[in-house]
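K.L.:
Pasting a structure below so you can have a look.
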Amino acid sequence: MRTRTLLTAAAGIAVLAVIFMWSANMLNTQRISPEDTFSSPRLPAGNITVNTITAAAVPVTDTAEATGTVRPRTETRVEAQVTAKILRMAVTTGDVVKKGDVLVELDARELVSRRDQAGQALISSRAALGQARQSVAEARAAFDKTRNQYRRIKALFSERAVAQRELDQAEADYLQAEAALGSARGGLSGAESAVQQAQKRLEEAEIALGYATITALEDGEIVRREAEAGDLAFPGKPLLVVQAGGALRLEAQVREGLIGRVRPGVRLQVNISALGTDTLDGVVEEVVPSADPRTRTFLVKVGLPPAPGLYPGMYGTLLIPLDAQTAVLVPAAAVHRVGQLETVSILSDEGIPHTVHVKTGRHFGQQVEILSGLSGGETLVLPAGGAQTPPERTPQEAAAGDSHAAA
């Protein structure tokens, strides 16, 4: 009796297992492969409108990417030209400046003193020059007088009208006056040279005094401040870094296999990830004619147009067009996605829709590339209204929906 009861229970369990497997479709051994197509019932005759479109095989231009960084076209390091203490930093980081605006003021007291000393030296040298000119004039007059006297005595001596002693004295006076004139002329030359040197020192002192006030050489923006009031400024020490206003470019590393497609003057698209999906029209300004031996890439500098939110240091991608290739494009709305599977519905000549598994690739606006499953020319059935298939839920959304359903 007990054995019969156990057999009855086992038979019941087996029946329940078969029913469960049948309901879960576990007894169906047919498998779906990517190449399989599935026919739906023929569309009924009547006034039923179905939106269709033809899968087009069209030439598309592929692009290669080269990443880089946005940098200012010109970035100026502001340095002092003289050694002096900083009195005032007139600007700070982020300030926009115009050409001629004051950036830094240095202590000019020592420079003013040098300028004044140079001015006094010039005055003294000019006075000495005047004295030298007077000395030359006097020496010239004395020379002319003794020369005439010597000539007269020499003529009288030839007529035996004067003694040898008088001739010798006249000749000695003449030679002495000639030497004095030469010395006076040398003094004049030295005085003129001294005036020129004093004038040059005064000009240098005035230029140095002008360096006490540092101004902007062009319109721009202060991107870095590297000194404060009270610091000692000297040549070679940067005080500020000024970026030329609005002039930015992308500096990208382009691999050597693509460098033939990038030449100065060529227009290329640039994508700045921080600005969204829109691209900027760039112009190649410079290609550094030397590859990096470690990365086998060339540095390419591409000028960028002004754009809101574009700043130095941002990450950018240079898009380099390649040769055109044929690709099958369909509307993105025609692709149905279920998990990892992607399918489209195509219409046969008999009007029967078939589901075909496809693999998608790149997006071109509202179009998507079909890598496999279609060859072009097929008639696709679009969803009603052309609406796109709802996006796949995230794991969090799925969990929330399941818990709500369970409640």
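Positions of Cβ are set from backbone N, Cα and C atoms, glycine also.
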K.L.:
Scan 153-208, 265-320 against TrEMBL and say which stretch is down as coiled coil.
P.N.:
153-208
K.L.:
Quick test of your reading of TrEMBL: among 58-82, 383-407, where does it put region 'Disordered'?
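P.N.:
When 58-82, 383-407 are checked in TrEMBL, region 'Disordered' belongs to 383-407.
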K.L.:
Taking DSSP states H, G and I as helix and E and B as strand, how many residues of the domain 'CusB-like beta-barrel' (250-318) are helix, strand and coil?
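P.N.:
Its residues fall into 9 helix, 34 strand, 26 coil.
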